[in-house]
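Trainee: According to Swiss-Prot, the feature Zn(2+) 1 binding site maps to 60, 62, 75, 78, an assignment based on sequence analysis. Annotated Mg(2+) binding site per Swiss-Prot: 449, 451, 453, in sequence order. If you look up Swiss-Prot, you'll see 818, 892, 899, 902 marked as Zn(2+) 2 binding site, on the strength of sequence analysis.
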């Protein structure tokens, strides 16, 4: 068996007839499959045992030799070799074709490769191959030309005129003869000569032909091999035939297709032997050609061959294509053993790193481990009896199981796995029942809830796998979200509500103003009912033993509440005592204003002070982030568990519920509505008098009602009691928001109709009052649209993620430092005046490219190639610096990846990124995962510019696919001044820009809004009208940096509008992949062809070589490819073929004789190697774990 880890690369090419025969174990001569009586394979048929090997292990066809001892014997009676039946998966056969047949991929693909080699049009080829015309293969001394097509009539006429002095024939044989006559070197030289003078379409055609001919020349493939003399037959186990229960047979479509080929081939042989008339033979040859076409790619030409029920048969090409094809179904994703799935329920008492595994599931999953342990403990004599014990569920089995699963992590996965936190490792604890218990805090990462979600369990078997699960995938390790480095395990819902309730303050609560000597005394008073959780009390600060208190503070009284005392117990000792939800308190220390001198009238002080707001969800997130920053992982996960317990405990104690009585309708609502109605009437009057247009009237009415709703919302929120349960739920961030509440108690507001246009009659009722029938009907439109949108969005977002992963899958951190001399100048990303991403957010976790000094004092804030931490970023902001040179993925020189310095911090760990980290995939997941949260809608801005601005998911796709945007802006191609703006007859604007050298006139389309005025200076690439810039045009007019900046800013804009934060570096990784190719314009003296796409690094190599040899280097222009196109242009044909357009990619690769160097992740998954990222990188592979534990697979195989 071939060891996957031994080979370096994989090569694909065309197979010569000799090669096909050398693969084969014998010729398939009959179309029979298996004998209907004996159910054994027919001799020389499609399942023949003599060719493909025995159907039963170690047994020949006739039964003369049985058992292993005859291994390798070839039976003298039936000719079958005695061996394993597994060989029927690998042994091939062949069919000797009676006439050559063209391979449809090379003749029919676009562009037709055969057509390019022969310089014939695909139409002409088709006529020859399918016996409609003759082609002259050798004109002899006649005036005919080689490759000239002749109809039947012309052929006869020329035959009579010239006799045998010329040769013409039809079918694939003629094409084969022409292909054999081609002298590649001569042809290439002639074309290169012609290329020097050619222009226009002729030039493009020559370049295309040169590309194919060069490919044949350099790969050593013979063009004549595009025509088949021998057809390989794939192993029978790969096109099985199985008996169904009713005695009928189910068979793979390939067998039908092979049968047709064999039948027609045998008929053709017979006709040739009989010397049948030419016309009959030709017809049979054409049918054979069509049968082979159908076998290779059914439906590519003409109507597909159909099976029973008019279903097109699946040919060899279809076996590879699409989601159900070999690549995506079986190679990139396989079903695995040692796995199970079940419904999840909440496990509130679990630790962060634990999950509850149902007993029977655990027993099944860990069966081999349990069996081994039973034998070792002497509880069973051998594996067989151990197995029997487990099947009968002996009581002692459970004790053994308990011990086996200790310290053995399992992986839990919830589909859809949108990012790497969709699979995490936990230590299992056995639970009764049949449901998996999940820790409530990891739900956010999985996006799980307990309304019937299911999860899958996988058991890592080997010692290495267990070590990786424990060290890298344990849930307690994955606290930060890879997309923005913020904690992903923030408490939600009940937990938030409990902690909010716990930290509330209330005026005049029982026991207000009491002073306690320490926490225990305060808790005692609380448990005995002398003081309430919300009572503001004082406590001796020294008794808290908090390390952040100063000596002076320790001698004072701390003003706080009982609830806050309880809350602060969960925090580490050296953490500030949190008394108010402010950044200063969380990141710095407890503010002085809460410390009172001893002997002060505490009650008096309390009365003077405002109430401190309770801790909301955001604050809890801040606390977690700060604890993580100071104390790292173990401490954080312990604190999270304690926070969770507090939350559940106090939300239960609070007993917060909602009833209809909690929804208080606003008394002055009617006044507000009447006022708005009066305004609307005024607008209508103006419209009737013709003072305003219909469109303006519509706009105004809508803004009046929106303002009315906002006013109601405002009043509602102000008039609400702070202890109203609904208010508490929404204010704490547990569930619901202000707008939900307005709909319950205020008014529902404006609704959209099915077309997405807002209906100008608002819904004036709230849910509390009840809607009228019409109001109810109107509001159903929006509800339905919402559901339909969500369904569409999920599919779209998933496909976007797939394309992103594909284009960036080979971006891995490959080295420490690439030594680049470039960086990028980071400023705050702005859109007009609005800041999209603040400068400090862009700086944190990056390396400085140049030393940054304080502008006034000149002292060094951060040196070159030093990491910018949060503190340094704050210093930079305080110094008032607005732009900083940083190292960036954009400027990284590493091949096939990035280096540590250019990437900076790994967002998921908060540390430097490790060599081997698959940052490309992390980037793709970080951009794709929030995709579902982006809206689908294209907003109607209304008004004069009735132009749609694409936003949300479609805008992200438009940017990454580098499409021409909707509502494209006109941009200036030169630096200069706007000298005039004129309106033309058909309402278009003409903008004239005068530069130093030339003057350009730009016509802005009808109803575009201008962004410039006369006399204004404009730069190249500046927008003259509002709208989105076409990045390809920007690249042509300006430089690569402005395109990178533009794409980064635009993508960030879409996500930030939806409140999703993504680190810049993820978008940078993607944009870099889109810009990694150049198109050659002038080849100079190099071997590259003009118009070809090359990798930037390849191009530099080619030029470096040319310069060394004193030749003229090539010139090229940077191109921007959309992610789909970039994926298909990758160097790896395995990766491209498994993505899209499988047949085109493979055809192309085969002709070029491409080598796949197996650098990316996909290629290695496909061939079954360890991925070359993380611990699978060559540099780590030599490291062997010291533990020698027998793995489960050893145990199983020893049965």
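Placed from the backbone N, Cα and C atoms, the Cβ positions cover glycine too.
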Trainee: Cβ within 8 Å of the Zn(2+) 1 site's Cβ centroid: which residues qualify beyond 60, 62, 75, 78?
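Mentor: For the Zn(2+) 1 site the neighbour list reads 61, 63, 64, 65, 76, 77, 79, 80.
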Trainee: Looking at the binding-site residues 62, 75, 892, 899, which sits with the largest number of other Cβ atoms within 10 Å of its Cβ?
Mentor: 892
Trainee: Looking only at C-alpha atoms, tell me how far residue 60 (Zn(2+) 1 binding site) is from residue 449 (Mg(2+) binding site), rounded to the nearest Å.
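Mentor: Cα of residue 60 (Zn(2+) 1 binding site) to Cα of residue 449 (Mg(2+) binding site) measures 57 Å after rounding.
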Trainee: What's the CA to CA span in angstrom from residue 62 (Zn(2+) 1 binding site) over to residue 453 (Mg(2+) binding site)?
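Mentor: That separation, Cα to Cα, works out to 55 Å.
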Trainee: On a count of neighbouring CB atoms within 10 A, which of the binding-site residues 60, 78, 818 is highest?
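Mentor: Neighbour-count leader: 60.
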Trainee: Around the Mg(2+) site recorded as 449, 451, 453, what other same-chain residues have a C-beta within 8 angstroms of the site's C-beta center?
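Mentor: Close Cβ neighbours, site residues excluded: 344, 448, 450, 452.
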Trainee: Which residues, sitting 6 or more apart from residue 902 (Zn(2+) 2 binding site) on the same chain, put a CB under 8 Å from its CB?
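Mentor: Listed in sequence order, they are 818, 820, 847, 887, 888, 889, 891, 892, 894.
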Trainee: How big is the gap, in Å, between the Cα of residue 78 (Zn(2+) 1 binding site) and that of residue 451 (Mg(2+) binding site), rounded to a whole number?
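Mentor: The Cα atom of residue 78 (Zn(2+) 1 binding site) is 62 Å away from the Cα atom of residue 451 (Mg(2+) binding site).
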Trainee: Taking every protein chain in this structure into account, which of the binding-site residues 449, 451 has the most other Cβ atoms within 10 Å of its Cβ?
Mentor: 449
Trainee: Among all protein chains shown, how many Cβ atoms are found within 10 Å of the Cβ of residue 453 (Mg(2+) binding site), not counting that one?
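Mentor: Cβ-Cβ neighbours of residue 453 (Mg(2+) binding site) within 10 Å number 17.
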Trainee: Which of the three DSSP states, helix, strand or coil, fits residue 902 (Zn(2+) 2 binding site)?
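Mentor: DSSP call for residue 902 (Zn(2+) 2 binding site): helix.
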Trainee: Starting from residue 899 (Zn(2+) 2 binding site), work out which of the binding-site residues listed here (75, 449, 451, 453) have their Cα within 10 Å, and give them in sequence order.
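Mentor: Near residue 899 (Zn(2+) 2 binding site), where near means Cα within 10 Å, there are no binding-site residues at all.
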